[in-house]
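According to Swiss-Prot, the feature NADP(+) binding site maps to ASP33, ARG95, TYR127, LYS131, VAL160, an assignment based on similarity to another entry. Annotation comment: Swiss-Prot describes TYR127 as active site, proton donor, evidence class similarity to another entry. If you look up Swiss-Prot, you'll see LYS131 marked as active site, lowers pKa of active site Tyr, on the strength of similarity to another entry.
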Amino acid sequence: MALDQGAKVFGVDIAASPAPLANHPNYKFLKADLCDKQTPKDVVQACVKMFGGRIDGLLNIAGIMDSNQSVDSVSDEMWDRCIAVNLTAPIRLMREVIAIMREQKSGNIVNVASKAATSGAVSGVAYTASKHGLVGATKNVAWRFKHDNIRCNAVCPGGVVGTGVHNEMDIQKWDKEAMKTMFLIHQSHSCDKDKGIGLRAEDIARPLLFLVSDRSKGINGAILPIDNAWSTI
């Protein structure tokens, strides 16, 4: 969608690049693990080199779910992984781009948080804590660098149809007792999918592109729900 609007895009993921984008002249890709301490620096340096020295926007989209484990059942492995991917990696990427954005006296950052970033009743403790942390970091960056003409906002999507996230998870490892306490909350949102009004990836992408563009000038430190009113409960 960003490419369709004329943007130059540098993508990074632990998975391979989408095949349809491979030959696009304005798209570059680095296959890497964002949890590696060196990766954020490598990503930003490569982006600057390939696209003429500027970085106008950063979209922190990468993230992982937990298994809805509560504080009494979460493993160290799950906790560390969620914090590393959902919180530490985006902070490191922001740290790297801030220097460039301050020098060019402009820049827009958008972090993808979650409904779990503003609630304690929709996910496990690791995912919830990581997304709450990302919202806090978003507000801190927005306030700290507003005089440098740098904006930082976050979006909080609800469930997204067609992502296949839950299909990739081992249901046997889920905290079933915790899931029972969340059932009605999840049910109140999943009915949107049943009625054909569930959100799709493009419904999240459009607000992301708005916030990372100059069309959203003045919007800074905002936490935007994209969940068809799920955030009202």
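Placement of Cβ uses the backbone N, Cα and C atoms for every residue, glycine included.
Not measured: the values here are computed from a predicted model.
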Assigned conformation of VAL160 (NADP(+) binding site) - DSSP reduced to three states: strand
Most Cβ neighbours inside 10 Å, all chains, among the binding-site residues ARG95, LYS131: LYS131
Residue among binding-site residues ASP33, TYR127, VAL160 with least C-beta crowding, 10 angstrom cut-off: ASP33
